[in-house]
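Undergrad: The following block contains the structure, expressed as structure tokens.
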2 protein chains.
Amino acid sequence: MASIEADLEDLTARARIREAALRQFGELGFERATIRGIAETAGVSSGLVRHHFGSKEALREACDEFLVKTLRRVRDATFDDPMLTRANPVAMAQAAFGPYQPYLVRALVEGRAEPLFDEMVRAGEQWLAEADAERADPPFADRKARATVSTAMALAVTILHRHVSRSLGVDVASPEGAHLLATVILDLHSHPALSPETAAEMRAALERIRPA
Amino acid sequence: MASIEADLEDLTARARIREAALRQFGELGFERATIRGIAETAGVSSGLVRHHFGSKEALREACDEFLVKTLRRVRDATFDDPMLTRANPVAMAQAAFGPYQPYLVRALVEGRAEPLFDEMVRAGEQWLAEADAERADPPFADRKARATVSTAMALAVTILHRHVSRSLGVDVASPEGAHLLATVILDLHSHPALSPETAAEMRAALERIRPA
DNA sequence: ACGCCTACTACACAAGCGTGTAGCTTCCTT
DNA sequence: AAGGAAGCTACACGCTTGTGTAGTAGGCGT
């Protein structure tokens, strides 16, 4: 797992700038992060940032592009360990996102990082395909639609990590927090919030007010 | 339901500025929104913004404060209609958040708007209390912890509305999108993703790697 | 040894920002 | 009617920003 903190000096200046940008964009957001701040973090002049990436917007695009490639690689390595990933999905997410988590969260919230989201949906569809095989009654909705919403929900804890940590009383990034979180998620996913009867009721009510 | 669009002229200048700020902060984000832009939207001079609110940061705090009061009022009115709110939680969220949805989403993601999140958790706890009464096996985790994660998940679709709309192929804010979304959520909430057996397996695996 | 491209720095510039100040109107109080 | 606070505007200041330009150091092919 590549770390931002370690061995920044070993990288080329271009890579150092990109890593610094990833960190600054993630910590401060795109607007509050400055070219000069990124340059300073990378240990180069601000002019070099422009020399290598052209503009601030292009730098962000380079970051996005880099992450798409990186995450694909990390994912291939991580998803192959089903025991670890299934036992603690939260730990998996942290492992997959790596040190780029703050950046990715911001990108997702702003509606960017489409490839990442879509790929997660696709993974969810695969998972649902297996689950649907053992399901008695037909699902209410399209498999992709269910995978989409599930994906969004899976990202919720990471996106709202501040609120969740505060409300749980423990940092979800800590080992204890991750464990608690996994326990909770396991409980929620193995116990339906709605009984078949109430679900049927609500579904009927929903169809009654169905739009054209 | 108060609308930002309508009757801006009827409000006092101070209120117009606040409404304009709510909209600009929501649409553009706090950094990209400018005092001058807010003033122009409100139809006043930029100096008046400073006169009434002192600083940009203070203006944001005034917006937060206003929303806490407003939402409490709106919630009391909306939550009393259990048929509507339970039939379509998404429509409920949109109704409750009102035109301030973009602002609130940004506030939540940035870790602000704690009162809003905490109140949602509390409502979730109440709901879970009823559900737990009819539950056979004991929950894996604390009720508040489950309410916290459920709350985060409930907010996910709203926060990631761009991705969700794109992946569903229909705007979740539209009547058709809201209906589809409600159907999906109903399905997910009434069918556990994990069977009791696999859940037990994963729980065992989780306990095996439990941190100190 | 020469030329040249690439990496890199230093510095300047215009624009937009939040903020400060001075002054004008309006309306309410006494 | 006088006075004064409150609502409101116009304008300027200083700072930071992204970007542009000029120039230097260094390695590499010829």
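A Cβ is built for glycine as well, from the same backbone N, Cα and C atoms used for every other residue.
These came from TrEMBL, pasted as-is:
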- B:11-71: domain 'HTH tetR-type' (DOMAIN)
- B:34-53: DNA-binding region (DNA_BIND)
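How about a rundown of where these features are and what they're close to?
TA: Mean model confidence of the domain 'HTH tetR-type' (B:11-71) amounts to 95 (pLDDT, 0 to 100 scale).
Residues 8-9, 13-14, 16-17, 19-21, 23-24, 28, 59, 62 of the same chain lie 6+ residues outside the DNA-binding region (B:34-53) yet bring a C-beta within less than 8 angstroms of a C-beta in it.
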Undergrad: With DSSP helix as H/G/I and strand as E/B, how many residues of the DNA-binding region (B:34-53) fall in helix, strand and coil?
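TA: Counting residues by DSSP class gives 16 helix, 0 strand, 4 coil.
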